[in-house]
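Contents: one structure, followed by commentary.
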Amino acid sequence: MDLTKITSPSFLKNMTNKELESLSREIRSFLIEKCSITGGHIGPNLGVVELTIALHKAFNSPKDKFLWDVGHQAYVHKILTGRADQFDTLRQYKGLSGFPKRLESEHDEWETGHSSTSLSAAMGMAIARDIKKESNYVVPIIGDGALTGGMALEALNHIGHEKKNMIVILNDNEMSIAPNVGALHSILGRLRTAKEYSKAKEELEVLMKKIPVLGGKVASTAERVKDSLKYLVVSGVFFEEMGFKYLGPIDGHDFEALEKTLEYAKKVKGPVIVHVITKKGKGYKPAEEDTVGTWHGTGPYKMETGDFVKAKAKGPGWSNLISDSVRKLMENEERIVAITPAMPVGSKMEGIQRDFPNRFFDVGIAEQHATTMAAGIATQGMKPYLAIYSTFLQRAYDQVLHDIARPNLNVVIGIDRSGLVGADGETHQGVFDISFLRHLPNMVLMMPKDENEGQHMVKTAFEYNDGPIALRYPRGNGLGVVMDEEMKTIPIGSWEVLKEGQDACILTFGTTIPMAMEASSELAEQGIDVKIVNARFIKPLDENMLHELLAKKMPILTIEEAILQGGFGSAVLEFASDNQYVDVMIDRMGIPDLFIEQGNVDQLLEEIHLTKEDAIARIEQLVKSNKVIGSKLV
Ligand SMILES: Cc1ncc(C[n+]2csc(CCOP(=O)(O)OP(=O)(O)O)c2C)c(N)n1
């Protein structure tokens, strides 16, 4: 079958299971081939091929609503809803998104990227449906990892109480990105192995239906038997206690079981959970055998061998470098406790996990809990290290504000993937953290210019004892600079002059420093002498240096790979205004008031005018305007 000819999932309705199996094989080959070139979330998608086909056969999208939690597993859904022809552009600039996208298709009712939102959104859709007196199925599909997220648990609590009609598909592959963790995971484990319980329960229900309406003793005894049976066989039927009808567990690669169960679920009144067991990476050996999480999401790979095609990097990976620097400090500092909310693989914390299992905690997808837990650890005089992606730290804003910054606790936050991240697109760009951390009293925020300064900042962070301190670092690799043998401490709030200059000054930090240096070399050829400052502390600012620059009336250009509103440039403007430096030219380069979509980072930087050429043009303009202003002032 030519998958690119599919325009709607309705063709599935009349297909036999044999035909569906053959379609599954074709979809798997298609995905393995396409993702080998573009990269993508191949593991999760190979796991849901049969499940997605069965869902589209059982329901009528877009009338019935599918909500893909996290959304990285929606590739098969995209194929079945007429988007196979766009897979060559998957996750590329202006191409097919790696996540559900409302603008892309009427079948993508709910946009995702961050996990554990599907149940709340589904509840919203069910409420709207009932108020509008419409009839459709609402079907959130949530993984066992995403189910550990606080939002999902809040939603379960409410849905079970309201008893709205909803069919929750629990896609249980025992993996988050890394192996899933937590008590809920253990409950699912027991349910997974509790086939006897399900069978016994079904038999008992049949039996009870046969009992005439005697009421009284017999019925209530039967109810009690049924109740105690579940405790007897499975020590906690969590979902039924929460108010859901629990169906399963069923084999998520078996069309017959899927069809039977989904048809039954459609008849159930109130919320129902269908527990589906799937195998992540199914049908592609390297992904199927992955027990660590490497095949959750990948770059391009060689299809035949599963070897990853890696671009040559100059320096070490940033996550590796930072985690390894923390690991080194942990050898001599027993108070350091490392925490990750489900990202031990992405944040490269395997070394810490291996060497310090008692001081390492993967808390599952639980950014809020991780953050407040870090605060709790800090209250006891310990030194918590919370590694968290910039985009996911958004979830824990209140916890950072209320539980860490307000009581001024010594928590070190490693903000991974700060800046533009590329192919994951707008849900994952790490461009807001400066704006939502800079305004918090007590917070120190810094970003290194290269990996050597990165390791020094790790030491600086752990030696700092005056409250919270956050270290931003980007996705990708360092510059390949020479590393000092010893880690050093950098004075808090100190900037570094990288190049002297007389005509204008660029204040920048992190990833935009090399670009600023190149711009200054080209400007020098035109006789414009630009000073470059590594403004490595975003908060506190180096006030002495700023006073010096502003007093000299040197035009300033700030550059940041972060949203402009409330960012570093704003801090410089505030400082100038608060100190009445009214006649100094200050210009800001950064990310405009937009959500930035997917693409490789260079393409994105070009699109938002954050390039060397733009910096040169801005400086030229500043110097020109400054001369005019200068002459007017004279
Ligand atoms: C709030 C939030 N935290 C972390 C992540 C990173 N993340 C993406 S997928 C994933 C694991 C999801 O596991 P599961 O729901 O079981 O889906 P699977 O990939 O196993 O199909 C994580 C932790 C995220 N997307 N959102």
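Backbone N, Cα and C define each Cβ position, glycine as well.
The thiamine diphosphate binding site annotation in TrEMBL covers His72, Gly113, His114, Ser115, Gly145, Ala146, Asn173, Tyr284, Glu367. Look at TrEMBL and you will find Asp144, Asn173 tagged as Mg(2+) binding site. Summarising the annotation, TrEMBL assigns domain 'Transketolase-like pyrimidine-binding' to 316-481.
Positions of the features from TrEMBL, shown on the structure.
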residue	record	contacts (Cβ under 8 Å, 6+ apart)
His72	thiamine diphosphate binding site	His41, Pro44, Asn45, Gly98, Phe99, Gly297
His114	thiamine diphosphate binding site	Val70, Thr391, Phe392, Gln394, Arg395, Thr427
Asp144	Mg(2+) binding site	Leu170, Asn171, Asp172, Asn173, Glu174, Met175, Ser176, Asn180, Leu184, His185, Leu188
Gly145	thiamine diphosphate binding site	Ser115, Met175, Ser176, Ile177, Asn180, Ala342, Gly364, Ile365
Glu367	thiamine diphosphate binding site	Pro341, Ile388, Phe392, Leu393, Arg395, Ala396, Gln399
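The DSSP secondary structure for Gly145 (thiamine diphosphate binding site) is coil. Under DSSP, His114 (thiamine diphosphate binding site) is assigned to coil, being neither helix nor strand in the three-state scheme.
Whole-number maximum of the Cα to Cα distances across the thiamine diphosphate-binding residues His72, Gly113, His114, Ser115, Gly145, Ala146, Asn173, Tyr284, Glu367: 32 angstrom. Its Cβ taken as reference, Asn173 (thiamine diphosphate binding site) is surrounded by 22 other Cβ atoms within 10 Å in the chains shown.
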